[in-house]
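Participant: So TrEMBL lists the following for this protein:
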- C:E38, C:Y87: spermidine binding site (BINDING)
- C:1-20: signal peptide (SIGNAL)
Amino acid sequence: MVRLKRFFKRFYLAILLFFLYLPILMLMVYSFNGGKTMAKWTGFSLNWYVELFKDPVIMEALGVTLSIALLSSLIAVVVGTLAAIGINEYKKWPKTLTINLTYVPMMNADIVTGISLLLLFIFMRIPRGYGTLLIAHTAFNIPYVIFSVLPKLRQMDPNLYEAALDMGATPSYAVRKVLIPELMPGIMTGFIMAFTMSFDDFVISFFSTQGLVNNLSTYIYSMARVGINPKINALSTIMFVCIITLLIVTNVQANRHSKKQQKQQRI
Amino acid sequence: MKKKFFALPYIVWMILFTVMPLILVLVYAFFNTTPSGDVIFTTEYLASAFSPESLSVLWRSLGYALITTVLCLLIAYPAALLLSRLKPRTASILSLLFILPMWMNFLLRTYAWRALLDLNGPINQLLGLLGIPAQQMLYTEGAVIFGLVYNFLPFMLLPIYSVFTKMNTSYIEAAEDLGANKRQVLFRVILPLTRPGIITGITMVFMPAVSTFIISRLLGGAHYMMFGDLLENQFMLLKDWNTGSALALIMMILLIISMALMRKYDKDSTEGGTRLW
Amino acid sequence: MKKTLALVFAILLLAVSLVGCGGAGGEKTTIHLLNWGEYLEPTLIDQFQKENPDIIVKFTNTTSNEEMYTVCATEGTEIDIVVPSDYLVERFINEDLLAELDLNNIPNFKYVEEVSKTRTFDPESKYSIPYMMGTVGIVYNKTLVDEPVDSWDILWDEKYSGQILMYDSIRDSMMVALAKLGYDINSTNPEEIAKAGELLMQQKPLVYAYLTDEIRTSMIGGSVALAVDYSGAAVGAIQENSDLDYVVPKEGSNVWVDNLVVLKSSKNKEAAERFINFLCDPEVSKKNSEYIGYTTPNAEAMKMIDPELLENPAYPISSDVIDRCEYYKDLGDDLSLYNDVWMKLRTAG
């Protein structure tokens with residue numbers, strides 16, 4: 001019994017992780033497959049990595065995904081940060097109302113958000129394309145920024161900004177030099193979350209453009225029915241490795257940083 | 001300039017891209033344009049959204065979502081507990097490992113499961129080596145629920161884990177010192193203390209699972225339609241925006257009900273179910 | 001931390017600008033093609049763009065005529081060229097969504113004229129040009145099915161429970177049931193449609209899965225006995241797995257022709273017509289047909305087609321097959337009868 005318990009403790013997390021990574025492993029392994037399907041292993045080959053960069057459609061889809069993620073989260077950061085600063089000053093009921101409405105895109109089912117945006121674009125006769133994709137992504141990104149910045153505003157001394165104005169700073173100067181630096185950690189968190197959300201999204205992209213703009217996920221959706229293209233496996237492998245490297249680098253840096261601090265404190 | 005006005009661009013944005021779309025869903029669900037161009041109120045679409053067929057899909061989706069939520073909770077809770085008992089450094093690395101798969105496109109991961117579960121896929125080949133005949137795993141209800149659990153597990157794990165890390169362990173020690181046995185500690189101390197995390201986890205799994213689309217088609221072979229698939233059908237195949245909107249309305253009402261329920265059980269936490277991780 | 005973020009930022013910007021650069025430079029017309037998956041030989045777009053440096057072709061895929069209709073009939077679409085089947089062309093014409101083609105811009109039309117005339121929905125090619133043809137039939141694995149396959153009945157044989165794949169499309173599913181019952185595959189009789197629906201319901205427990213493009217891969221895998229599929233997909237499957245065979249059942253089936261049309265809302269009609277003309281070129285059509293497996297309506301291309309392909313049981317459409325097959329017709333308002341039956345089938349557990 002005790003042994004079983006110890007076994008369980010030691011391996012439970014490992015087993016879970018194994019299941020989480022099993023399909024990813026499968027994708028990565030088969031990106032090095034010579035053959036075209038995941039049904040048969042025909043031999044090691046780097047062919048798909050070469051082909052990948054020659055495929056204009058995949059490259060364009062990658063470009064759309066990255067540029068939409070970048071643009072929509074940048075817009076979201078600007079609009080969202082300003083909004084948070086403003087909302088923080090609101091009186092009780094307008095504040096509650098705006099905050100609750102801001103929850104809507106976060107809490108609503110993705111499919112409902114996508115559909116309602118599609119209805120709006122049809123109603124306003126906006127042709128569905130890159131523009132509507134950008135609007136849709138910005139729409140679900142702004143709330144993440146607002147809710148990352150608001151807590152930081154609450155922690156802040158409310159008189160700081162007024163003090164800056166009293167000392168003769170222009171509002172824009174006061175915002176740039178006083179408010180923004182204080183809010184920076186929140187803004188950064190918001191940006192990263194927005195970027196991730198946009199990068200990952202499939203459902204809202206699919207419905208708000210009727211699948212007519214190829215970003216990576218809608219492209220995968222339309223192509224994969226014919227059989228997953230190993231080029232996509234290769235691309236995902238590259239991206240995955242990039243993200244892991246990035247995480248390791250930031251982690252190591254953060255560690256060094258905290259160790260340095262500890263040392264300094266000791267001195 | 002007053003700080004209040006900073007929110008103005010967002011307020012305009014919100015009215016245009018959050019409020020307007022929701023109003024349009026209501027309009028499409030309840031109003032009909034006659035051939036002569038008159039706009040009239042009708043409950044016809046709501047009625048067809050409540051047809052026996054769509055209700056059967058709704059019950060099925062709610063059932064799957066419930067099973068998924070329970071399974072996620074049962075799997076994630078011990079994992080979060082174990083994770084929080086590790087050295088902080090190992091724990092932070094491991095928790096990162098749990099988030100990482102979400103960076104791989106979820107469609108791709110689901111397609112990979114399809115290859116894995118296939119009749120002559122790797123899992124069945126492995127079983128074959130052990131002398132077990134090939135099992136039909138793909139295109140079953142089990143495969144659909146497996147796919148849902150797989151996709152939503154991290155969303156249950158992370159909020160619970162984050163509550164565990166913030167938990168003051170002195171309560172547990174105090175309970176133990178006062179003579180509580182292990183079961184009492186778990187049910188009387190640990191569970192209540194981690195309730196906010198559990199509730200956040202449930203909100204992040206249950207409703208998204210109900211509205212899932214495509215997983216049931218990919219892993220269930222289109223045998224077990226879920227509510228999201230029904231919505232997709234109305235919008236993409238039948239081009240019936242009115243009935244589709246009425247269905248979306250049902251989804252929104254469900255969301256409001258579940259949020260209200262969660263809030264009732266979540267009085268301790270002021271932020272509702274919205275802290276992500 | 002900050003440095004790393006700045007670095008990531010810089011890399012992202014660089015990547016975006018690099019990828020974005022591809023489309024820059026010069027006054028170019030972009031035409032947007034809405035096509036079926038794996039339905040165009042991939043190098044042909046490059047070839048066309050090289051021959052016509054002022055045009056860029058973008059494409060998106062769909063898997064059903066119904067989805068195609070939705071996307072094209074929604075206001076404000078930026079699609080120029082679509083590849084609808086017969087009955088969808090009819091519906092588009094009825095709803096006035098197509099641009100009239102200028103055949104002077106499509107000199108290669110003469111190669112497809114023969115087939116074009118047989119199309120009851122647009123015999124004069126006012127709006128549409130034939131692209132590819134095919135039939136709906138049964139692909140089966142000879143090692144798993146030892147009896148002769150010549151009837152739709154086998155899809156209801158309990159012996160093959162869990163080994164049958166059905167095509168996930170409204171008209172094709174209904175066609176199979178209607179043909180098995182001996183009814184017109186374009187029936188608008190509510191009783192007949194209801195009966196066909198019941199038949200499909202009875203079949204549901206036997207069906208392994210309802211799929212579309214994935215049927216080809218599943219059949220190649222060799223673990224499934226029978227599938228309803230299009231002839232061109234069957235061609236590819238048979239090429240990769242010689243255990244497979246294809247048959248158009250004796251009760252009759254659907255013979256179809258997919259067509260190139262330009263939407264009325266298109267702002268690039270002339271460029272679109274140039275692309276259509278390119279696809280009607282015999283060399284191009286031959287290459288295309290050999291790659292995707294569907295039968296070319298192009299008389300000149302047919303003369304050059306790889307003889308090995310003509311041996312493939314799914315490629316040539318013989319005259320007796322044509323005799324027992326029919327085009328789908330647009331059902332107008334009666335379509336809702338089909339939709340209702342189909343929704344019942346799909347929503348059932």
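In case you wondered, yes, glycine gets a Cβ from its N, Cα and C as well.
Curation plays no part in TrEMBL annotations; they are all automatic predictions.
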Participant: Once the chains shown are all counted, how many other Cβ atoms turn up within 10 Å of the Cβ of C:E38 (spermidine binding site)?
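Facilitator: For C:E38 (spermidine binding site), the count of other Cβ atoms within 10 Å is 20.
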Participant: Could you tally the C-beta atoms, other than its own, that fall within 10 angstroms of the C-beta of C:Y87 (spermidine binding site)?
Facilitator: 21
Participant: Does DSSP put C:E38 (spermidine binding site) in a helix, in a strand, or in coil?
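Facilitator: The three-state answer is coil.
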Participant: Reduce the DSSP letter at C:Y87 (spermidine binding site) to three states and note it down.
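Facilitator: For C:Y87 (spermidine binding site) - judged by DSSP and reduced to three states - the answer is helix.
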